[in-house]
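Colleague: What TrEMBL lists as domain 'FAD-binding PCMH-type' is 129-311. Annotation comment: TrEMBL describes 161-167, 230-236, 243-246, 295-301 as FAD binding site. Residues or ranges marked as site 'Important for enzyme activity' in TrEMBL: 346. Residues or ranges marked as substrate binding site in TrEMBL: 442. According to TrEMBL, the feature active site, proton donor/acceptor maps to 495.
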């Protein structure tokens, strides 16, 4: 028990009960080596849980130079020295009077002081905490949010909102120069659907509702919101809005900006909300686009109205195999040109294709093993594909039976023109199931000295990455791969992964930073964006001037100065404001 504990009516949050404190996802779900030395997945949340993946360890060792006898384990949470909070007795007293739940308990603060960048997780694993929030509060309503903002203003505190905590942009990291007590506003208790309008096909919900909970409740009523980011298990509706998120089914349902009908937004100057909720309005610039992507710098999203859709009559998976990545990309370009995109279409390069095969579970029968062998022979021997060049696409079709049949027929006919081979529905299902389990792989890598990350790019700069890694002293094979996850008329979103073994390096994180910076510099130089859907946070802030231009940055600063002149929402994302150590003004 710490000697400074102050709290009132602390809830039992899912974040503290079932999530991992030092890695991704559920506490009981993780990859490990079993007694036989094979990789398996603990827990019971995923199709892969409890299954043996006999081919993954050899892939792990060969592609990243891993030595399973060289371990870099995380500290235990009981061994962590969590710094004391900046105390503010006035805010404690006022919150208690307002009957708003709060605590300054060390573990509660720790769980809300980070996202999921490689820096975040490495700091947790090794007990390095530059700055943590000083108090956690849980609003239950929009009026609670407004009250917390008022109290922060009157007691000279800062606020950093948190939704699902899945950020990969250092957005939740407290600025180390902040001297005020920092409030982490946890939206977890604002998790209700307020209403569903079946006539207008809209739904209003509180901002703290988790994606999978929102979708489950809509499904029970016969609807879907169609927004399915890879983080849907843990990310929130409010987080989707504040980071301008995208989902894997955007082809059919749109990105979050397409789904958004109305949003309530609490700022230090008061509430922003439109007086009408018609489908479209022409009354000056759309204020929603000031809120979308604001990343907690101006205020906090409290309630959101989104479009919903009847559940599709048919949902069908599919897959394709191409002889190489170039054929796959050309196919994707033609799919966009002909506008025959299914709900979701993803292309993985050879590195990810091989990794996905290595993650397949042990065959349960001789027949399954035989089928796999015959399929492989068909592709490699009879069709002439090379195992070290081929790539794969996974597909989700949704709609009426007629729509799905037509889309499938047209898509597969087009694929044939680019030497694509239909890979079957089961492989398509496997690819999408793998999406949710694969996020846990980075934690396994960190157990053996591997540092890895993902970000979105416009082109696969794998040669640059490998060259930089070698120049910076990385002694082992470097994993560098990409996948095309979204296609548009004017281009595509490319998801990029890289990882390397930090064994033998004095400062692996420093090397990682230099490699990532070089990659992003090259992306910007070639006209790419700094992010498609992950947002900017503090991690990508250095490229905002190039991205938005000097006048654009001035406009963002002017909005900030008007809505939040005292910098109550002080997470320092997107831009540096006047008075911060990094401000150029």
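Even glycines carry a Cβ here, placed using N, Cα and C.
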Colleague: Please report the DSSP secondary structure of the residue listed as 'substrate binding site', reduced to three states.
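Modeller: Note: the residue listed as 'substrate binding site' is helical by DSSP.
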Colleague: By CA-CA distance, flag whichever of 346, 442, 495 among the recorded positions is nearest to residue 245 (FAD binding site).
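Modeller: Comparing Cα positions, the closest of these recorded positions turns out to be 495.
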Colleague: About how far apart, in whole Å, are the alpha carbons (Cα) of residue 235 (FAD binding site) and the residue listed as 'substrate binding site'?
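Modeller: For residue 235 (FAD binding site) versus the residue listed as 'substrate binding site', the Cα atoms are 19 Å apart.
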Colleague: Given the recorded positions 346, 442, 495, find the one whose Cα is closest in space to the Cα of residue 165 (FAD binding site).
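Modeller: Comparing Cα positions, the closest of these recorded positions turns out to be 442.
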Colleague: Rounded to a whole number, how many Å is the Cα of the residue listed as 'active site, proton donor/acceptor' away from the Cα of residue 297 (FAD binding site)?
Modeller: 26
Colleague: If we check Cα distances from residue 346 (site 'Important for enzyme activity'), which of the binding-site residues 231, 297, 442 wins as closest?
Modeller: 231
Colleague: Hey, which of the binding-site residues 161, 165 is the loneliest by Cβ count within 10 Å?
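Modeller: Each of the binding-site residues 161, 165 was scored by Cβ atoms within 10 Å; lowest is 165.
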Colleague: How many whole Å apart are the CA atoms of residue 231 (FAD binding site) and the residue listed as 'substrate binding site'?
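Modeller: Their Cα atoms are separated by 15 Å.
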Colleague: Counting all other Cβ atoms within 10 Å across every protein chain shown, which of the binding-site residues 245, 301 scores highest?
Modeller: 301
Colleague: Take the C-alpha atoms of residue 301 (FAD binding site) and the residue listed as 'substrate binding site' and report the distance between them in angstrom, rounded.
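Modeller: Cα of residue 301 (FAD binding site) to Cα of the residue listed as 'substrate binding site' measures 31 Å after rounding.
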Colleague: Count the other Cβ atoms sitting within 10 Å of the Cβ of the residue listed as 'active site, proton donor/acceptor', across every protein chain shown.
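Modeller: A count of 22.
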Colleague: I want to verify one value. Collapsing DSSP to three states, which class is residue 495 (active site, proton donor/acceptor)?
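Modeller: Reduced to three states, the DSSP call for residue 495 (active site, proton donor/acceptor) is strand.
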